[in-house]
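Participant: Sharing a structure, written as structure tokens. Questions coming.
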């Protein structure tokens, strides 16, 4: 299932945040959104996920969701958004409980996603007992549990240290390789974007526009941190972003 | 390798320890200090009253109070008085805190309830509930009704304020998350808002129940033959200091038990906080 | 407060000078300050009379009235030295304070006397209509008291003794204040009560309650209130206590003559009623208050004589009920050396 943004603009009060966005996240691919801070990339993601309504324009779903899909548009949040009073298993079950499933189906889904994210041994743990990386794995497991049509990932690795981030990127690549999923992945980290994105959409500073969409053809499983081709793409992205980032940095926050 | 050796070797005599400046501002735990203060105070009053330094008009010997308490237990008078009080406290705070939590949630969740009820609750909060007792007698009768109503009313407003404050403080990110997974409204309230607000509600209950105990004495001013509050008032009327203090001790213990009960509830329900 | 009292006394001095009372020379001596505990009740009329007519001043006292809501706090205030003298019913609290050596009863005041208005037992209209028409029918009903060990509690015990039922068969309702009991009886929240005629007459006249018995029937010699002071004054300052009793006795004599025996003329009655009314019922018209005083005033013992036998009966009852320790003696409570006893 594709997700399509058509001429969407958005404003908070009088402040234009997004301007005339046209974008397609194709099925089975990861689309990365990068841009200077405050360019509205997270807002765009919330529009795509239906958590906010665009001021003008439209967001459309194209095609049928995959079979067994429980929640078409599923978020992975930067700060994990785990229920602190529920165990790892409880957090996964929380998003399944309101669906008509047999207990056996539920248990099977939980076991499956915990196994896929390497959490099988931590089912009973409280979130506070887990490291940041493990917590984000729980959030990813929870997102996978509802068999989403599109994963909307809002800087999912930004709250983690760089080693953990590296490991989780490999995990995500592994997950996608075994069972390709559709994702829109917001990040400000260009290294993440070139490692995980089949395409990278570069946004301008506020009000955010799509400046350019860069496709990366190397298969995800073959990308390495020191790949010269990827470094070239990353340098190109940075040249696109650099001036915008400098200008964005000088803006008054509430100007 | 970078050379990190100092440019000039200072003499050993110049070495001095870095002064420590980080102490204080972190009260620790000490089980015994409280007990020692308590025992010392009791010993002071015992010696003072026995030797006559403290007049028998102002303070009974603690041992006499203890004897009075023991007699209360022996004669069954304790239960005769404690039973009705516990019933009034339990019913009153059940109704008051229950309604308070419901109204607090309504205020925390609905615009209309917030706009309509917050001014009302703010207006009710500062009313001295004791002043309304005669009115309650007319409304609810001189029997248990007025007593339960007084305690219910007294515990209601602080519970409302604590609850809606706690609901306001619920992590919006978690609600957003639940919505993004299509979790139905009622389930978000029970599985996200309630658990997150629970800590605030429980600490509000601590205050509400303490107020309930204070109001118990006031409630039993009117028409109560038995009850800890009635017992204290009667002891005061008879100027029987031993019984007066015995009653006060019972109330204090009741307060401690209620507080310990909520503490246990917190430890159980808020286990996840570690 | 002190300046206010002085001002009033200056005014009084003027009134006194106009009359023939020779108190100016005495007053010229240094006046002894004296705090007198009073309740806003007609039974405290002699206090107000003696105060307003300068009887206390003539004995060399500079009196300041200390007002109380109930008898119990007044007893505590005398024990603590915040008030020097007071007139109130014998209550469990008073006995306890006497046992602790804090207060002493030194005279008698309000008393039941056949042929003179006395305390009555009342039933609420609702209870009366459903059969509570005599005191014998009290078992199974509720009865209003201020607190356990109050005079109301004692009166109920005397009714029970007289009618031969167990007091436990009547459900007592402690309501702390007389005003609350009045409201509770009027609205039928309690079934019965016993109270002085000045209050009962009003309730009966307004149709708020029904009379079912006279207290004098059960306790003919009942010493309702007594004069008491701190033990320190009774023991070490006899002259002061005697002077106080002398002054108050003159107020009592005026009161009895005007309202109980009615030997005084109408003019005197009206003057005294106005003088008392300003403290007791400032909101009641003068004529109505005069009528209340002339129709409902109970006897106050001449020269503040004390019925020791009645006090003894009350003390024995408190002990029997376990409201005061069993080792309280009559000597702890009463100093009979100040007034005539019987």
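The count begins at 1 with the first shown residue.
Including glycine, each Cβ sits where the backbone N, Cα and C put it.
Here's the feature list from TrEMBL:
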TRANSMEM  B:32-53  transmembrane segment
DOMAIN    B:82-262  domain 'ABC transmembrane type-1'
TRANSMEM  B:86-110  transmembrane segment
TRANSMEM  B:117-142  transmembrane segment
TRANSMEM  B:148-167  transmembrane segment
TRANSMEM  B:209-232  transmembrane segment
TRANSMEM  B:244-265  transmembrane segment
Participant: Who are the chain neighbours of the transmembrane segment (B:244-265) in space, where the CB to CB distance is under 8 Å and they lie at least 6 residues beyond its ends?
Facilitator: 60, 65, 68-69, 72, 78, 82, 85, 89, 202, 205-206, 209-210, 213, 216-217, 228-229, 231-232, 235-236
Participant: Counting only residues 6 or more past its boundaries, what in the same chain has a CB within less than 8 Å of a CB in the transmembrane segment (B:148-167)?
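Facilitator: Distant contacts of the transmembrane segment (B:148-167): 88-89, 91-93, 95-97, 99-101, 103-105, 107-109, 114, 117-118, 121, 124-125, 129-130, 132-133, 136, 139-140, 193, 196-201, 203-205, 207-209, 211-212, 214-216, 218-219.
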Participant: Which range wins on Cβ pairs under 8 Å with the transmembrane segment (B:86-110): B:32-53, B:117-142, B:209-232?
Facilitator: B:209-232
Participant: So which residues does the transmembrane segment (B:117-142) touch in its own chain, when a touch means Cβ under 8 Å and the partner is 6 or more beyond its ends?
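Facilitator: Distal contacts: 103, 106-107, 148-150, 153-154, 156-158, 160-161, 164, 215, 218-219, 221-223.
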